[in-house]
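Feature annotations, reproduced from TrEMBL:
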| type | residues | note |
| --- | --- | --- |
| TRANSMEM | 6-25 | transmembrane segment |
| TRANSMEM | 30-49 | transmembrane segment |
| TRANSMEM | 55-78 | transmembrane segment |
| TRANSMEM | 85-107 | transmembrane segment |
| TRANSMEM | 119-137 | transmembrane segment |
| DOMAIN | 168-397 | domain 'Major facilitator superfamily (MFS) profile' |
| TRANSMEM | 172-191 | transmembrane segment |
| TRANSMEM | 211-228 | transmembrane segment |
| TRANSMEM | 240-259 | transmembrane segment |
| TRANSMEM | 265-289 | transmembrane segment |
| TRANSMEM | 301-319 | transmembrane segment |
| TRANSMEM | 331-353 | transmembrane segment |
| REGION | 363-397 | region 'Disordered' |
| COMPBIAS | 363-376 | compositional bias 'Basic and acidic residues' |
| COMPBIAS | 385-397 | compositional bias 'Basic and acidic residues' |
Amino acid sequence: AWVSSLSMGMVFFCSPIVSIFTDLFGCRKVAVIGAAVGLVGLLSSSFVSTIEPLYFTYGILFACGCSFAYQPSLVILGHYFKKRLGLVNGIVTAGSSLFTVSLPFLLRVLIDSVDLYNTLRVLCILMFVLFLAGFTYKPLVPNTKDKEGGKKGKSKFPPAKKICNFSVFKVLSYRIWAFGIPAALFGYFVPYVHLMNHVKDRFGDSVPEEVLLLCLGITSGVGRLVFGRVADYIPGAKKIYLQVASFFFIGLMSMMIPLCNVFGALVAVCLFMGLFDGCFICIMAPIAFELVGAQDVSQAIGFLLGLMSVPMTVGPPIAGLLRDKLGTYDVAFYLAGVPPLVGGAILCFIPWVHERQKLKERAKPVDGETTEKMLENESTLVSDTTEKPVKELDSGL
């Protein structure tokens, strides 16, 4: 369990570093190298016979490679798509939902037939496909290194303050978004981690709990496609209202889990939860593009994913401790619904703040033009006053 937890945590902890490398070297190089590192980590894990080396080969090496391969796949879409960026993100992220549904069944068949180590080697085929796919990334927005080299006529690293682009936090709307989402995620993943154990405690082994994961995966994929398309019709930062709605419904569904005394009701809750989970995931990148622009979106997403790693790691263990103390998951699920509601309320202010920022930015060029025109008028008056005496002298002569 610690190996898989370390792996998931490293994917998000590495995100700020990945964003820096993406700005410096571009999406293609980072994605290809990340997939190669992940392939090496996964392949080396298949030759390990004890648990200790897996902490490095799978928990760190494979996870870091996945992180370096994952983030450029979100950034590169904004280089090619603007009008239908939401739909494109929905299609791309729906792929992970498809594998969420199908991969557990495939893994069970493979492990039963060819054992764990050969299963890891089979999964290396997927990493190799990811490695090849990385070569198709051709960024249209120049990265930081290219811009600096173009200005100074030679290729060299930019200053440290441009490598770590903390200027994205100067954008107030992004700052609210970057801290509002982690606040919501303290309870967001609790149902995904503890739902199966709750079902066993409540219903025993008489119900097929795998059906719940199937429902979550299918409706999450549908939600990513549907809400990704809907996001394209919503202008600017108002897309954030879709995330507000998703947090509201996910928080509500979390609180309803302990109230479900019939397995069918729990299936219905999971269907709605998966649908709005897809909504939350598919519009993260389009919102980042709206808040900070294409040039800074890589590090904006990186910082956000890095901040998300804290509640993702802390929330589920706290829920597990509550279960150990109280003997039931009911209180844990009730409390898990509170952070998404609070986080959604915080995000409601972003469109208003973002609109005010845009108005201020528009006002600056206007003031500059007005000042420039005033200076031109003053220079015209001065030239007129100097020309008149000259003309009078000429006429007098």
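Note that Cβ sites are derived from N, Cα and C of the backbone, with glycine treated the same way.
Fewer than three CB pairs closer than 8 A are found between the transmembrane segment (119-137) and the transmembrane segment (301-319), and contact between the two stretches is not assigned (pairs 6 or more residues apart).
Comparing 6-25, 30-49, 55-78, 172-191, 301-319 for CB pairs under 8 angstroms to the transmembrane segment (240-259), the maximum falls on 172-191.
Ranked by Cβ pairs under 8 Å to the transmembrane segment (85-107), the stretches 6-25, 211-228, 265-289, 301-319, 331-353 are led by 211-228. Outside the transmembrane segment (265-289) by six or more residues, the chain places 74-75, 77-78, 85-86, 89-90, 93-94, 97, 174, 177, 191, 195, 199, 211-212, 215-228, 231, 237, 239-240, 242-243, 245-247, 249-250, 253-254, 256-257, 259, 297, 300-301, 304 with a CB less than 8 A from a CB of the stretch. With a cut-off of 8 Å between Cβ atoms, the residues of this chain six or more beyond the transmembrane segment (172-191) that come close are 237, 240, 243, 247, 250-251, 253-254, 257, 273, 287-288, 291-292, 300, 303-304, 307-308, 310-312, 314-316, 319, 332-333, 335-340, 342-344, 346-347, 349-350, 353-354, 357.
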